[in-house]
Amino acid sequence: MDTVTLSFGDNSEVTIPKIFENYEFVRKIGYGSFSSVVLVRHLKTKEYFACKIVSRKMLEEQQIFSRFEQEVRLMQSFNHPYVIHTFDVVFDPQYIYIVMEYCPNGELFSYILSLVRLPEMEVNRILRQILQALQYIHSKKVAHRDIKPENILLDSHMDIRLSDFGLCKEMSHGSLLKTPCGSPFYAPPEIINNDKYDGVKSDIWSLGVVVFTMSTGALPWSHTNHAQLFKQITTTDVTVPQGLSPPLRQIITLMLQRDPNARPTPTELLAMPWLADDSSIDSTPTPLRRRYSSDNTAYARKLGTADHRLQRKSLVIRPENMITPQETMNLAIRKVPKLTKPEPYRTVISQMF
């Protein structure tokens, strides 16, 4: 039987059959701490899918099998055009195969890097789609808790798919969440402060950081050291660049309110004129710096690293106005300290100081 060897993020390797159930392995796409993602093709229909392969042994060793089961159950229950669709789940004695729709244009992260910053009309289009996806999952009483450009995929039409529900949490009516988790650059003040938090308002903050990044090509923070970064997030109001249009600046400012109660919901944001009415958008085209490529690694190599996953931690850092392409290049090659993960599927903010 033909096999293929896959790498996981903890530097371990696993060997899987090239053909399993009704699918055949095509090529590797990427990997996470306890999973690997590959492109597969259905043997009968010849359709292509992304397949997340998870080791049963690793899930059991890390005592996170129930968390993984929740992720799969929720993914199977979602049915929305802007939320990643799960087609099939295959179990065997060693591995679990989650077969999902394939998004050939990769991550929003790579799209931002390829253009340096996105035109406002494109920011508007993408933001509306993400808000609709959040509006849907929040209506299902689910908080995503890890909104960032790496977890927003782009299909063949450049429409988004919200993905990676490894940190999602079901919410009961009116209750607050208490487990601090997420990605430090996108975490809201209340999570960093280890307070109980509203999952909806937490997702809005993280999306606000994504919108800032799409619009400027940089994160809103001037620190990479965790202690300094967290102090800035919890004590400093975000300065939105003057170069953006007033309606977009207003939306980013509202989303990045340190008081979670002051942040709008997805429904409230979608009702704002800039998002509800296309005619209110500044249609002046922003010069595009680079043609988009779905090859995530090629551009990262030009920025000084052969591993595009390292590059993800370097789309930083600028408190001032717009940055130039050369400045982006200079920032991108800076190494940000590797984030510690006390538990798979969870980055505990309070343990990062």
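For all residues, glycine too, the Cβ spot is worked out from N, Cα and C.
These figures come from a predicted structure and were not determined experimentally.
If you look up TrEMBL, you'll see LYS52 marked as ATP binding site. Here TrEMBL flags 23-275 as domain 'Protein kinase'.
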Mean predicted confidence [pLDDT] for the domain 'Protein kinase' (23-275): 94
What does DSSP say about LYS52 (ATP binding site): helix, strand or coil? strand
In the chain carrying the residue listed as 'ATP binding site', residues 6 or more apart in sequence that have Cβ under 8 angstroms from it: SER35, SER36, VAL37, TYR97, ILE98, MET100
